[in-house]
Amino acid sequence: MEQTLTLLVLDLVGCFVFALSGGLMAVRKELDIFGVIVLACVTGLGGGFLRDMAIGATPVAALSDWRYLVVPMTAGLLTFYFHPALGRLGPMINVFDALGLGLFVIAGAVKALDFGLSPLAAAVMGLATGVGGGAIRDVLAGQVPVILRRSVFYAIPAFAGAAIVAFGLFLALPQSLVMAVAFVVCVGWRLLAMWRHWEAPLPRGSASV
Amino acid sequence: MEQTLTLLVLDLVGCFVFALSGGLMAVRKELDIFGVIVLACVTGLGGGFLRDMAIGATPVAALSDWRYLVVPMTAGLLTFYFHPALGRLGPMINVFDALGLGLFVIAGAVKALDFGLSPLAAAVMGLATGVGGGAIRDVLAGQVPVILRRSVFYAIPAFAGAAIVAFGLFLALPQSLVMAVAFVVCVGWRLLAMWRHWEAPLPRGSASV
Amino acid sequence: MEQTLTLLVLDLVGCFVFALSGGLMAVRKELDIFGVIVLACVTGLGGGFLRDMAIGATPVAALSDWRYLVVPMTAGLLTFYFHPALGRLGPMINVFDALGLGLFVIAGAVKALDFGLSPLAAAVMGLATGVGGGAIRDVLAGQVPVILRRSVFYAIPAFAGAAIVAFGLFLALPQSLVMAVAFVVCVGWRLLAMWRHWEAPLPRGSASV
């Protein structure tokens, strides 16, 4: 029970942070107030929508609990009115974004395991939960998703964290420990990759097809 | 029974009109005949697909009733052969589009309530039903969705109409009255916004993040 | 049982080939190694995801069988390291792509019929299974989907093959014969269209709306 509450709070915090990133993208694209709110909601909720539709957890969680709708709407409104202040927060935003990623991949992998998926499939769903919202945000804004372009920052730590949770819980390792390790790996990797400008290998030679 | 029939007819008319808008986008993008038909179908059916997948109403409605497939295919064919005539209809198209929006948000919110969603979630699903097809159309055509850019024309009236239906029916107000008010508010707002060139507030200051 | 195995193998081969096309697109867009793997997986699995979410076959097949995840991951890795060799294969890629299309539309239509859909709806789902992954690939890469632009190569043969399977099995014609005819029509059409540079009719006159 208590753990469920913790997961809910973490999930809502992740949703809020991702919604901020969607709102900021909307401000950058000069969308109006409602466009900002809609893009914030789509970004904050998109990953969970994808996961729930894929595993058959319908109606999807965001529609069964009003807090999942109010939180990203609020984030969108805040972005609209206070985006210059958010801009001054600068690197803080990236930290929040990393925390959101960590929360989402864990929540996604745990839920997928609960629905009887294999560890590998649960890891993939954790990844999808973590990066899905941002991918939809970028597609709607007319950009190649940043998760494809800078995978060291997003896709790799997200998959690492999700895989630790999925296989750790599958092997019945202590739940809190597994989640803590996954969180630290995912968030730490994401932040280190950004601060140290890590880059993943690029294809050698130009594309010939 | 009779009411269900009315809803079906309204839904099919909305689907037809939205499919026309998808077909016209395809003509503008110089797609060939099958591209026109596919984009017409995706635009006419996309909102309902999203709604049904999210609330778990599967197989989605458009796949359970052949009329939902034949109507947008016909609209696509008509657009392909008669798009210059449609062009001369000019503002009429916008009126049809507004009517389609009104029909879809009402049908979407009603169906979501039927599936046990809360009024707020039902309003969100009404919005998604009304604007989802157009958003998919724009993304496939390589554009930032018009519903994000001109929210006064689409997203705001759609959400207003959906919210009136969702909360009105939740409060057990007279069904016909609630739907009529929602329809008038959604369609009227949409048309007034267009004819009077309303604009929603834009973010102040340039994006700094 | 044996037939199910055959279908599974064909489905995995189709998934592998489509994943190669996604990986090649990623190489062309200069994505890094993980971006290549992710785009390969999305392309190989996207069509089946869409189909299963729409007909309510959840958790979607790709999440219930680890082979559906390992196959496109492998294809992505192979593309990353050996894309110049794939480039030299040249036209062979198009042949594989055509085979993949044929396999996917048949598998998609058969599964939709199994879920009780009408023949028309099953044909549409066969089409969606065959072209959905490529459409998602193109949208993520920032392009108007090739299936909309070159429908003679993709959408028309895919729909033709899917319709033959859907209506053939609905009419209880011999299963193997129906599938063989559908496969030959779909793949043959796709290859002929490419080699003979077929083109579908374009809209006459410029778009006036």
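Each Cβ is built from the backbone N, Cα and C atoms, and glycine gets one as well.
According to TrEMBL, the domain 'Glycine transporter' annotation covers A:9-83, A:95-167. Per TrEMBL, transmembrane segment is recorded for A:6-26, A:33-54, A:95-113, A:119-140, A:152-171, A:177-195.
Within the chain carrying the transmembrane segment (A:33-54), a Cβ under 8 angstroms from the stretch's Cβ atoms is held by residues 11, 15-16, 18-23, 25-27, 60-62, 68-69, 71-73, 75-77, 79-80, 104, 107-108, 111-112, 125, 128-137, 140-141, all 6 or more beyond its ends. For the domain 'Glycine transporter' (A:9-83), the mean pLDDT of the prediction comes to 91. In terms of DSSP helix, strand and coil, the domain 'Glycine transporter' (A:9-83) has 64 helix, 0 strand, 11 coil. According to DSSP, the secondary structure content of the domain 'Glycine transporter' (A:95-167) in residues is 59 helix, 0 strand, 14 coil.
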